[in-house]
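> Below are the features listed in TrEMBL for this protein:
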type	residues	note
BINDING	13, 72, 149, 150, 151, 152, 180, 200, 201	substrate binding site
BINDING	38, 40, 72, 178	divalent metal cation binding site
ACT_SITE	40	active site, proton acceptor
ACT_SITE	178	active site, proton donor
């Protein structure tokens, strides 16, 4: 494996935050050491749940002008929301390949043309072979470690071989894990090679968010360091 220069980044999911206090809660997460905010967008079609759309993201961006926003688009028609999310100030547009498997490349192109980074997301039931031909067109691959749609689910350790394969074959790729990731499961994620960590309940519900974020970071950075030795 060539030397890796990937960086650990912790991105709390605001799915479990108090949406009526979203600006204050988001600001607190960033002040407590979060590197970015992971914004879960659900349409009630691709997943059986609804969250929020670009108007809320735009409002949040006005109050938090400089943070890195990643929208995780759990939607049936990701191409439909590229321009609105770019206009709302999104930094990275991560969409699921499953509903648009024959249109992944044109969507990647449109996301880049709109000025955003490209993330490609895989549900637990989607094998790594489904995304292999698109990896070079993405900035990040998201491996879901729960079924998308709801927070608070149990971490699926059997998703780690996907992460391992990506890290082995793409040493410099940003690899994100999302779902059930917390202090009890971070070691498995870090050792598999994930460097972008989405924490939901484990961070949002913590009495000491700063301590949890620091602990997650320490575990991931330790694994990155071992790869570099």
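Every residue gets a Cβ built from N, Cα and C, even glycine.
Neighbours and distances for these, please.
The 10 Å shell around the Cβ of residue 13 (substrate binding site) contains 24 further Cβ atoms across the protein chains shown.
Other Cβ atoms within 10 Å of the Cβ of residue 178 (divalent metal cation binding site) number 26 in total over all chains.
All protein chains considered, the CB of residue 40 (divalent metal cation binding site) has 24 other CB atoms within 10 Å.
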> Is it possible to get the count of other C-beta atoms within 10 angstroms of the C-beta of residue 180 (substrate binding site)?
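The answer is 23.
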> Check the Cα-Cα distances from residue 178 (divalent metal cation binding site) to the binding-site residues 13, 149, 201 and tell me which is shortest.
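If we rank 13, 149, 201 by Cα distance to residue 178 (divalent metal cation binding site), first place goes to 13.
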> Work out how many Å separate residue 149 (substrate binding site) and residue 72 (divalent metal cation binding site) at their Cα atoms, rounded off.
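Residue 149 (substrate binding site) and residue 72 (divalent metal cation binding site) have their Cα atoms 11 Å apart.
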> Cβ within 8 Å of the divalent metal cation site's Cβ centroid: which residues qualify beyond 38, 40, 72, 178?
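Near the divalent metal cation site, beyond 38, 40, 72, 178, sit 11, 13, 15, 39, 70, 71, 94, 142, 198.
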> Measure the Cβ-based neighbour count of residue 149 (substrate binding site), defined as the other Cβ atoms within 10 Å of its Cβ.
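The answer is 18 other Cβ atoms.
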> Could you tell me the C-alpha distance between residue 40 (divalent metal cation binding site) and residue 13 (substrate binding site) in angstrom, no decimals?
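Spelling it out, the Cα of residue 40 (divalent metal cation binding site) and the Cα of residue 13 (substrate binding site) are 7 Å apart.
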